[in-house]
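*Asks:* One structure, pasted below without further comment.
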Amino acid sequence: MEETAEKTPVEAYSTLKPKGLMKMKKTALVAFIAGAALLLFGGVGAFYLWKVTEKEAISAHLGRNIDIKIENDSDSAEGTIVEVQDFKAGITAVKFPGKEKCFIKSQARTELSEDEAGVKAEVASLVWITSEEPLKDSSFLSPEILRFCADLPIYWHHPANSRALRKRRSATRMRRQTSAGVNRQPARRRNSTASARDERPTGPEYNPENPYHQNQGSEGTMVFDPMLDHRGICCTECHRSYTHCERVCEPLGGYWPWPYNYHGCRPVCRLIMPCRWWAARVLGLV
């Protein structure tokens, strides 16, 4: 009897232990299934919401009343700018009042706050430049932008920094000044050459004893033998020297006639001076 009494609590404990483990396992399994289901539904819901917001963000008509002053407009100086923003493509379409055009510009970055915009405007202001020709291929634009612009010609709006504009103007000005300076240099050289020629001394006064000036006198008494000029000793009619060259060949001798009996031909040049220069040199005037 004692043995049975001692064994009874042990058996009862052993039967209770597996039941507790089974309950814990069932609870954990149910919690795991519920968590997986929640994660699945949460992922599906987030994906659906993301797709909906992406569709709604494209081509939202945003009309903003902005008080602006438009030149060459109607009697009223107030107008309304209407914009259509395509966030997916990063393009904004703009319509100005009184303008029969539709402008598109790229969204380089998100809009700045008022403080940042003020600082940005102080650092470097942007100037928008319109393209000269309208857009030819508009296939990349969204249907909302095409519907917004309708049949109006579409032009690109490009931002240009004021510093870049000043730099481009200065480069054009420098190029113009450089070309003008290059054109002025030949004229300046011609003027300086003419002034130097005018300032150059005209030479010594008339000297009747100088052979150079004797032919300029009324009598012209100095006469030279024409054979001096014929033999190449001096030039009777020249006022400046000149170089006279001739070909000198040495005869070979032998059977072959001229020009095969000559070899070693070389040019020999002489400086022919005016005969009046020689006469002036003899007289000691030169």
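Cβ coordinates come from backbone N, Cα and C, glycine included.
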*Asks:* Per Swiss-Prot, which of C238, C245, C249 is disulfide-bonded to C265?
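*Replies:* If we follow Swiss-Prot, the cysteine bonded to C265 turns out to be C249.
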*Asks:* Taking Swiss-Prot as the reference, C269 is linked by a disulphide to which residue in C245, C275?
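*Replies:* Its disulfide partner, as Swiss-Prot records it, is C245.
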*Asks:* According to Swiss-Prot, C102 takes part in a disulfide bond; indicate which of C149, C234 is its partner.
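*Replies:* Here Swiss-Prot pairs C102 with C149 via a disulfide bond.
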*Asks:* Tell me, what is the mean pLDDT of the domain 'BRICHOS' (75-157)?
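*Replies:* Averaged over the domain 'BRICHOS' (75-157), the predicted model reaches a pLDDT of 71.
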*Asks:* Give the distance between the Cα atoms of C245 (disulfide bond) and C265 (disulfide bond), rounded to the nearest whole Å.
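*Replies:* Computed Cα spacing between C245 (disulfide bond) and C265 (disulfide bond) is 13 Å.
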*Asks:* How long is the line from the C-alpha of C149 (disulfide bond) to the C-alpha of C275 (disulfide bond), rounded to the nearest angstrom?
*Replies:* 96
*Asks:* If you measure from the CA of C238 (disulfide bond) out to 10 Å, which disulfide-bonded residues from the list C102, C249, C265, C269, C275 are inside that radius?
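*Replies:* Passing the 10 Å Cα cut: C275.
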*Asks:* If you count CB neighbours within 10 Å, which one among the disulfide-bonded residues C149, C234, C235, C238, C245 has the smallest count?
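*Replies:* Comparing Cβ neighbour counts within 10 Å for the disulfide-bonded residues C149, C234, C235, C238, C245 gives C245.
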